[in-house]
Amino acid sequence: LSRADIALIGLAVMGQNLILNMNDHGFVVCAFNRTVSKVDDFLANEAKGTKVVGAQSLKEMVSKLKKPRRIILLVKAGQAVDDFIEKLVPLLDTGDIIIDGGNSEYRDTTRRCRDLKAKGILFVGSGVSGGEEGARYGPSLMPGGNKEAWPHIKTIFQGIAAKVGTGEPCCDWVGDEGAGHFVKMVHNGIEYGDMQLICEAYHLMKDVLGMAQDEMSQAFEDWNKTELDSFLIEITANILKFQDTDGKHLLPKIRDSAGQKGTGKWTAISALEYGVPVTLIGEAVFARCLSSLKDERIQASKKLKGPQKFQFDGDKKSFLEDIRKALYASKIISYAQGFMLLRQAATEFGWTLNYGGIALMWRGGCIIRRCGLATMPRLMSNTWAQAGATMPCYQLFKLSLDVSTSLDQPSRTPPALPVHLREAGVAASDGIFL
């Protein structure tokens, strides 16, 4: 009887794509879903012609697995994870492995890891980043939990992960208990910060420099050929020039109200809890909260006089370059603050985190991939981690603000603080909040 290498529970698009990714890399996967008809549909359509097998019950799924059994849960975070764990435990043997690949809160992962360890089950909480495309063709994976599980899942995880450089996988063991999901939470917080910074750059380009959609798109496209090279900058250029069915640009038609799934908020809450000044991510979360108050903002605009129309009369090209430099320096500040939070969490929970390794995991496959992360491992390992991660916060900020220092390229980028000040001054004149 042919046995499956691993099972995956949860056949939403992320789960389906992760299964197909594992299949492409030679692993036999058993698929299961609470609504069992989805299993048949998946096997008859997306997984047709593959080695993927299905199961109509958890008992059947477990019976099809090689030992130690490896099971990935890709279900909604919270009670659904606990419910499946409760149903799986009686079917499993000592040394079997349950992996939670959802966006679970790190304290829940710690609790589950401890509870299952007492029952002889190895639990892993793994961050999975990259969205549907990443799941299909190579995500960034951030596993943590019971380290005894790592030798049994390493080949699969590093096999399906995104590859960078000379083929290094964007996946390595992060740390004990909730460390993997904590690192994923901070990743998402940095993602919130990156998106807010791009919004502010767009705001300045549109309302201060008076740039048109295609002109802004070209600017972001040009920036993507510089140190700002990243997934988010790349898609911003595409979004700005995208046209609706009527031939007009789509972006101006979109309601300026953003929601959130919670991981950015969790990052800000953790920063407050552990006393770490993660100011940029915190303000990015508050900006989303403010944007969601659409009705209140409309009412306020009718009663409160806004800023006078500002006419920029400076050097447009020079100020656009200031925006680019300020955006890049601000991104580095966001990463620095995120790593400061990781450092404090490691102290709080006794985790041994490889900061350079974490930066390498974020170089590909994930939403914040590429930007500056080729040099971040060197910065972390050479100046921070080698000192026992004891570098004072102000020194880390100095490295962040002085972009030329952090990149060892003094001829390319001057210290960023004057750029920030010039940008802030012009923004204030036009009533733009940064």
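Including glycine, each Cβ sits where the backbone N, Cα and C put it.
TrEMBL annotates G10, L11, A12, V13, M14, G15, N33, R34, T35, V75, K76, A77 as NADP(+)-binding residues; of N103, N146, N188, the candidate listed for that same site is N103. Of the recorded residues, K76 (NADP(+) binding site) and K184 (active site, proton acceptor) place their C-alpha atoms 16 Å from one another. In this structure, the binding-site residues N33, T35, N103 were compared by how many other Cβ atoms lie within 10 Å of their Cβ, and the smallest count belongs to T35. Around the Cβ of A12 (NADP(+) binding site), a 10 Å sphere holds 13 further Cβ atoms from the protein chains shown. Note: the CA-CA distance between K184 (active site, proton acceptor) and A12 (NADP(+) binding site) rounds to 20 Å. Binding residues for NADP(+) (G10, L11, A12, V13, M14, G15, N33, R34, T35, V75, K76, A77, N103) extend across at most 21 Å, taking the greatest CA-CA distance. Cα-Cα distance from M14 (NADP(+) binding site) to E191 (active site, proton donor): 19 Å (rounded to the nearest whole number). Taking G10, A12, N33 as the binding-site residues under consideration, the smallest Cα distance to E191 (active site, proton donor) is found for A12.
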